[in-house]
Amino acid sequence: MRKIKAVIFDWAGTIVDFGSMDPVVALKNVFKSFQIDVSYELVRESMGKHKKDHIRDILTSASSASQWESIYHQSWTEEDVEMVYQSFNKELIHVLSTDAEMLDGVLELFQALRERGIKIGSSTGYRKDMLDLIINQITDERLLPDFIVTASEVEKGRPYPDMILKNLELMDIKDKQQVINIGDTSVDILSGLNAGVFSAGVLIGSNQMGLSKEEFQSLNEKEKEEIISNTQKKFEQSGANAIARQIGDVLEIINDLERN
């Protein structure tokens, strides 16, 4: 029988910031400052990657590349990527310093995991100084993971497995069969699979779902179920080993794995 010893969570869109709105808004604002109009859909496509790679992906899109050439009379360069990245960092720091909110059910889940002796790890595409802005707003220490690894602490960000492998090193866990990775994007899922651990997605509140808390709550039940179903299909296409409807349902995934 398998015994789960650790669960590694992504941050934005998984345990904090319903809909992963902070980086989405920051990216849209920054590209707007460069006179580039990007859609929410385009911004969300590469969510979960290191932010410099994310910006590069946006600039590579046909729409953004065309707009850049039209405005600046040349194709974008790596210097431009760096310039947008630095502007994004400043904008994101401003956004992150004001409105960190953990998702409903995280406290109860963390308490249940600790009662079972399961270690709680975490990974994020944010730099350490950015994540610290979120952590400083969390007044209940029970909401904090036991282990935290940021993109600035490893060589390669997602979809590479570096952050998950660093978590395992800090936890002193050798058997990857005893570990679950939880995320809200296709890139999160892929990083877990690349690390060789069980990799699961969470539907409600995810970047994959693509709605703010207010937008989701404004839907009627039929509309909610439709978008949840569509989000589930996206995770299935990403190769997720399991899918939780909401964060608290991660316990059911653990129970199923330990029973089987």
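Using N, Cα and C of the backbone, Cβ positions are placed for all residues, glycine too.
A TrEMBL annotation is a machine prediction, not a hand-curated record.
According to TrEMBL, the protein has these features:
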type     : residues             : note
ACT_SITE : Asp10                : active site, nucleophile
BINDING  : Asp10, Ala12, Asp184 : Mg(2+) binding site
ACT_SITE : Lys51                : active site, schiff-base intermediate with substrate
Ordered by sequence, the long-range same-chain Cβ contacts of Lys51 (active site, schiff-base intermediate with substrate) under 8 Å (at least 6 apart) are Pro23, Tyr85, Phe88, Asn89, Leu92, Gly125, Ala151
For the C-alpha pair, I'd like the distance in angstrom between Asp10 (active site, nucleophile) and Asp184 (Mg(2+) binding site), rounded off. 7
Looking at Cβ-Cβ distances, which residues of the chain lie under 8 angstroms from Asp184 (Mg(2+) binding site) while being 6 or more apart from it? Asp10, Ala12, Gly13, Thr14, Ser20, Gly48, Gly201, Val202, Gly205, Ser206, Asn207, Gln208, Met209
